[in-house]
Structure formats: C-alpha cells, structure tokens
Amino acid sequence: MDLDLHYYARRLESFNSHHGKQLHLLFLKVGVITSFVTFGNRLLQMYARCGHLSDAQQLFDEMTHRNCFTWNTMIEGYIKSGVKEKALELFGLMPERNCFSWNLVVSGFSKAGELEIARGLFDEMPRRNWVAWNSMIQGYASNGRPRDAVRLFKELGADPDGESRGDSFVLATVIGACTDLAALDCGKQVHARIIVDQVEFDSVLASSLVNLYGKSGDMDSASHVLNVMQDPDEFSVSALISGYANSGRMEDARRIFYMRSDPCVVLWNTLIAGYIANEETNEALILFQMMRRNGIRENFSTFSSVLSACNSLRIPENCKQMHALASKLGILDDLITGSALVDTYAKCGSPNDACKLFTEFKKHDTILLNSMITLYSKCGRIEDAKQIFESMKTKSLISWNSIIVGLSQNGCPIEALDLFCKMNEMGLRIDKFSLASAISACASIASLELGEQIFCRTTIIGLEFDQVVSTSLIDLYCKCGFVKIGRKLFDQTTKFDEVSWNSMLIGYATNGFGNEAMNLFTDMRYADVVPNDITFTGILSACDHCGLVDEGRKWFYAMKQHYHIDPGIEHYSCMIDLFSRAGLLEEAMNLIEEMPFKADASMWSSVLRGCVIHGNKSIGRKLAERITDMDPENSGAYMQLSSIFATSNDWERSAQIRNLMRDKRIQKNPGCSWAEC
C-alpha cells in the first residue's frame, strides 16, 4: 500500500485539480498527510500549478509538519498568480529560509517589475549567488532601467562572492543595457573583461557585442567580433547586417548577407528592414519577392516590414497583394497581422478597404478597436465609431479620447462634451488629449465660457503649459473671434513643431487677417519650421479671404515645386474660390478641369458666386444648370442665378427663377449662428 501511495504522490505533477482532489481525500483517509510532509508538499505543488491557491492555502494551514519546500511552494504559487502581497507576507513569516527561498522572491518580484521590493530583498540576502545577481540585473534591464543594471554590474565586480562575473547571460544583459544607453565606452570595458576572464563566446554574448558596436557605428569592432567566432550563428550575422544598415552602409550589409550560402528568414528580414530604414522601399519589395522565389517562408516579422514598405509607397495595389498573401498563408486571423494590414490600407488611402477588412475579423483587441474608432471617424462613419465604442467591454483612455475627437470632428461637439463630462463624473483619468479634445469641441460651437471652464481643470492638473492643450486653446479663442488673445497665448507657447503655427495661421485666415497670416508664415519659415499641407490650407484660405491673388497663386504652385506636397481638394477649393471672387472665372474653371479630383457642387457654386459678383450671366446660367443637375435640391444655385438676373435689372427672369423654386418646392436655407451672445 505504501509503495502505491508514493507512486501516486509522484504522479500528482501530471494530475489535474479534479483527480488531485480525489487523491487528496485518499491521503486524508489513510492519514499520511499528517505523518509525512512529502505527501502534503506534492499536493501543494499540484494545487499551486492548477491555480487553486485557496485549496493550497487551506491545506498549508492544516499541515502539522512543514519544511522550506512547503513554504517555497506557497510563495512561488502566490508570485506566479500575481498575489505578491501574500507572497511577501509568507516570506516574512518563514521560520527558516534557504538559498532557494531568497532566489525565489528576488527573481519573482524582479520579473513582476516590482524592482524596489526586489532590490530591498536582494540587499537583505545573507549571501548572494549568481541567480540573485542575474535576476536583479535582468530585472533592471528589461524594465527600462539600463543605468541601474550597469551600476549593479559594477557592484558585482567589487563583490568578493560575485561568482557570476563571468556568466555569459549576465554579461550579455549588461552589454544590452550599454547599447540602450549608447554607452560605447562602458560596453568596451565589459568586452575587455570578457577577454581578460577568458569567457567563452556563445551566440547570445557575440550577438550582443555585435549589436552594441553596430548601433554605436563602430563597424570595424562589430566585424572583428564576428570574425573571432569560428562559426557565427544567424543572430550574430543579423546584428552585423543591421549595424551596417543603421550606418547607411547598405553595400556592406548586402555583402555580409550574400556571404551566407543559405540565409535563414531572420537574415532576409534584417536586410529587408535595412532597406526600409534607408528609404529604399522598392529594393525591400524586390528582396521580398526574391525571398519568396527562393522558397523561404515568411513570418510575422517579414509581414510587418513589408507592410511598412507599403505604407511608405502608399500604393493600394501593394496592400491588396499582401492581403491576398496573408489570406493564402492563413495568418490573417492573427491580430497583429490583421491590425497592421488595416493600418496599411488606411495609410495607402483606402479607408473603405480597411473598414471592410475589419468586418471579417473574428477576434478584436482594444488596440484594434481604438484604431477603428479613429478610422471610422476619419471616413465620416461616426455612427459605426460610436457603435464600436459602446460595444467595448474594456475601454482604455485612448478609447474615450478617440471617440471624443471623432465626435468633435464629425459635427457632434455636444455629444463629445457629454462624453467628456461622463468621464469626469466616473472619475476616469483625464489627460492632455482628453482636455484638448473637449476644448476643441467648445471651439466647434464657439462656446468660450465652457472652453475656459475646461481650461481651468487643465490648470488644476498642471497641464496649462502643454503644447497640445495650448494649441486647442488658441483655436478656441480664434474661432470665438478673440484673435488678439489667441496671438498672445501663441507668443507664450513653447513651439516644438508646426502644429501651433498652423492653429494660429488658420485663426488669422478665418477671421480675415490675411496680411497677419502671411507675416506669421514668414516668421514660421525663418524659425526653420517645415510647413505641411495644413499650413498651406491656412495660407491659401487667408489669401482667399483677403483677395491676395498673386500670393495665393505663388504659394499654391510652390507647394508642389519647393515643398513636395501634392495639393489636396481643400487647396484647390481655396484657389477656385479666390479666382472666382477676383473675377478670374476662366482661370477658376480651368483649375477645376485640371485637378485630379471630381468637382462637387460646392466648387461650381464658388464660380457661380463669382458670376453673381461680376455679373457674368452667360457663364452663370450654365453653371446653375450644372449644379442643379448634380444637386436638384441645391437652393443656393437658384438664388444666385436669380441674383445674377437681378443685378443686371432683368427682374422678369429673376422672378421666374424664384417661381421655379416655389413650383419645385425648394426651400431657401435660413441663416443661423452658433456663436454665444
């Protein structure tokens, strides 16, 4: 019977909790748990492995005999289950601790990112071994504290009991920390110790050194490390290729790559990524095609790099080809791949394809859903964006911010502010993006009082000098007509990029301060801030509002020639309106015919307004007919045509147009204002 019990006790490591509990009952029945600590320990291990810590704790409390193994099993179970406070409490209650006990808590808390607790335990250790040193150094390095990792390694060098000074894993970790710190001299000192202590080079250590020298631009040293190795592994070679690519030496990167007779997928991926980093995206795609012809199977890293190349080229056909390939290989259900493909479609100017792909996914995560809220909002599909937000079980701060921005940008500022208030009532964390979005929503409805109230909340949090918040406040004051206050705030703002400049430029433009906008644009260029497409929207809008035809024409053509920015439909709209207001009707119509976009009724209406201003009946009549064909309910076209006849004293025809509107039951749109009184 005893032999059978010991046999089953050993088998507990493969039992599930159901069978384990049955055996537990058998052990209780025959009374072995109270007599032999081994049986209790085996059961504890089983419960901890299955995550049944309440059962484990109950058994632990009932055990009359315990040893270090008993305590260690419970502590390890709590650490792995994330119940760190209970693990620490049990460790403090242990009557006797062995080396494994100390290593367990130091390693466990270090891996969990609880570095202060881990360091406190590490400092209390009566005698530190290589496991503890490794755990602390690795913990610092993997949790974004490379400086502390290097500092602790130096302490290890001064420790008389530091037997892990020559451990290759510790050395590789420290070299990685030096790489993160860009501390080449410190890395060279570690390399010198490796040579002096005659530490055997393994693949991890070698690739770490090659990576250090490669990222520091010391390619001679990186190449020397690789040459010292008798049979360099693929990861070391990959690090060297990456180093050459990061230094812009693609010829050398190719040379190293082609030295391998049968390069693995890691090397192909590294060279492809190198081409992309050096903006040789066509070469990257050619290499990808060569990789497939050579029968090398792609992995997720390959897809990530190639999709990045597609993002740069912005060619929708490339994205569709990658979509087909992902479907063929059966990796489209992978969330990372699917999300990257959705992002690529969006960046390639195919948002509808991105939205369609999203509907095919069976699984979603918060990151993907947040992206779709933004994407649907940009496509004007705000109801779809709202549906995703409302259906999300777990909403992050980004989720709230994304929907608030989307609502504000899609003509739903009241809903955006309602959600912001709900965030506030629920006590959710509010950041600069939440506040800036709410202030922008106030700007949309010209609600200065509410915008200033929200800004008061910003000052309480301590974000009043943040650039994002300041820019939204500038926009608020300008949209409410307080341009001087907006400019005063702009002058006090720390300007890191073109965003603040653009906000003030558009503020001037929309309020009719054309010369001030042009002067600010000059200051912007003197400050070496590179203008973008939004900047030119502001400039052309200013020229349009103030009739600066020559300036507008100059900067419209300079966009493409000097700044390599293709004019968008909003830029063409500004120029068409500018020419029409100035009476350059033929030039306006020629621009409509030349632009790579299909003109809508609003563009033709701009030219029609020019006809009204300048009394051009012949062109005006043709345009009115075209607009009403495109948009039969467009009352503006009828009213403007009626005005053309009226300005030339042709009252009869003017009355005929109004009668036609009445017969067709077309109502004139009444004017309204959102501005607060």
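Using N, Cα and C of the backbone, Cβ positions are placed for all residues, glycine too.
Per TrEMBL, the features are as follows:
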| type | residues | note |
| --- | --- | --- |
| REPEAT | 67-101 | repeat 'PPR' |
| REPEAT | 129-159 | repeat 'PPR' |
| REPEAT | 264-298 | repeat 'PPR' |
| REPEAT | 365-399 | repeat 'PPR' |
| REPEAT | 497-531 | repeat 'PPR' |
| REPEAT | 568-598 | repeat 'PPR' |
DSSP says what for the repeat 'PPR' (365-399): how many helix, strand, coil residues?
26 helix, 0 strand, 9 coil
Cβ contacts under 8 Å made by the repeat 'PPR' (365-399) with residues that lie 6+ beyond its boundaries:
335, 338-339, 342-343, 346, 351-352, 354-355, 358, 405-407, 409-410, 412, 428-429, 431, 434
Mind checking which residues of the chain, 6+ beyond the ends of the repeat 'PPR' (497-531), have their Cβ under 8 Å from one of its Cβ atoms?
467-468, 470-472, 474-475, 477-479, 481, 483, 486-487, 490, 537-539, 541-548, 551, 563
